[in-house]
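Asker: Okay, here's the structure, questions in a sec.
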Amino acid sequence: GKEVIIANAIIAILTIGGQQLFSFFTFSCPCHVGQNLIYGLAFLGVPALILLIVGYALNNQTWRLVMGKRSHFGKGTSSNWLLKCKLVCFVLCSITGRALVAPVTWLAVTLINGSYYICAMSTYVPVYYYEAAPNVSASERSRILATFPCSQLVPAELARARDEVILLLRYQSQVAGWLLIAVVVITVFLSYCLASCFSPLSFLHFRYWSSYVHNEQELFDEATDQHSRLYAMQNVRKFFGFVPGSENVKEIRIPALKEWQAISGLAFLKRVDKEHYDYSLLHDWALKERASGKYLRIDEDP
């Protein structure tokens, strides 16, 4: 929907801005044989990999898929199992598509910029492009070519050869960047076309379904917040003897030392029976203990 398009656009814009700042403040080609390739590829690939992992981690569908694995592959007929596999594949493709927005943007922008590619590939320019000193050894030629991304290290007599090499590498990098963009755009377009062709819903029915899912999730989140708040309030009232925020509190409960100790410390999700869990130490205490003990009346007059 429109929300997905806007979210992807924001991610792409933030990635472009981050790439420009990252390049300006951190990138400095070592201009040394053997180090240029590693350095350039690291700046190209490592941020893209990190952005891909972050894209997976920030998508709620990822954790829904991971945490719901037992329900996806439970006992059932072979047809149901196949249907569940198709659903998992569809969701995984959707998650991957969203996660690829930032890394693909990073790769495209860095390739169009050309600096990383020039640094990585300067040593590997074909020999016939290097006409300034054709009689030098291969190792010396590689050493000189490795210095080309750093103009201050190149002798004056090699300035023209250096400019030709840089132009060649920038051309290759920018062509690769635009090809990457073209491939991604075509792939996304064809994916949407195929998904629409195989969808059992008509266009208007699909729009209604999308609206329903969005509204259901919003309402579910609101109900979850309110339900958990009311449930937690019952346990807090049992411990302290009053409901937070209530007016005209007549008395409060004074918890005993052992009760403070029971609700203090690290809490882990604890299974009570086949269907229920304790969510916290206070929750565990409220289910097990009676709210007896000392109560203190509150004087209503200030």
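Count begins at 1; order follows the chain as displayed.
Keep in mind that glycine also has a Cβ here, set from the backbone N, Cα and C atoms.
A TrEMBL annotation is a machine prediction, not a hand-curated record.
Taken from TrEMBL, the feature transmembrane segment covers 6-25, 37-58, 78-97, 104-125, 175-198.
Walk me through the surroundings of each of these features.
Answerer: Sequence-distant contacts of the transmembrane segment (6-25), counting only residues of its own chain at least 6 positions beyond either end whose CB sits under 8 Å from a CB of the stretch, comprise 43, 47, 51, 98, 101-102, 105-106, 109-110, 113, 115.
Listed by sequence, the residues of this chain that lie at least six past the ends of the transmembrane segment (104-125) yet keep a Cβ under 8 A from its Cβ atoms are 11-12, 15-16, 19-20, 23, 27, 29-31, 33, 36-37, 39-41, 43-44, 47-48, 51, 142, 145-146, 148-149, 165-166, 168-170, 172-174, 176-178, 180-181, 184.
Outside the transmembrane segment (175-198), and at least 6 residues removed from its termini, the chain residues within Cβ reach (under 8 Å) are 97, 100, 104, 107-112, 117.
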Asker: Give residue numbers and ranges for long-range contacts of the transmembrane segment (37-58): same chain, 6 or more residues beyond its ends, CB-CB under 8 A.
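Answerer: Non-local partners: 15, 19, 22-23, 27, 29-30, 95-96, 98-104, 106-107, 110-111, 116-121, 123-124.
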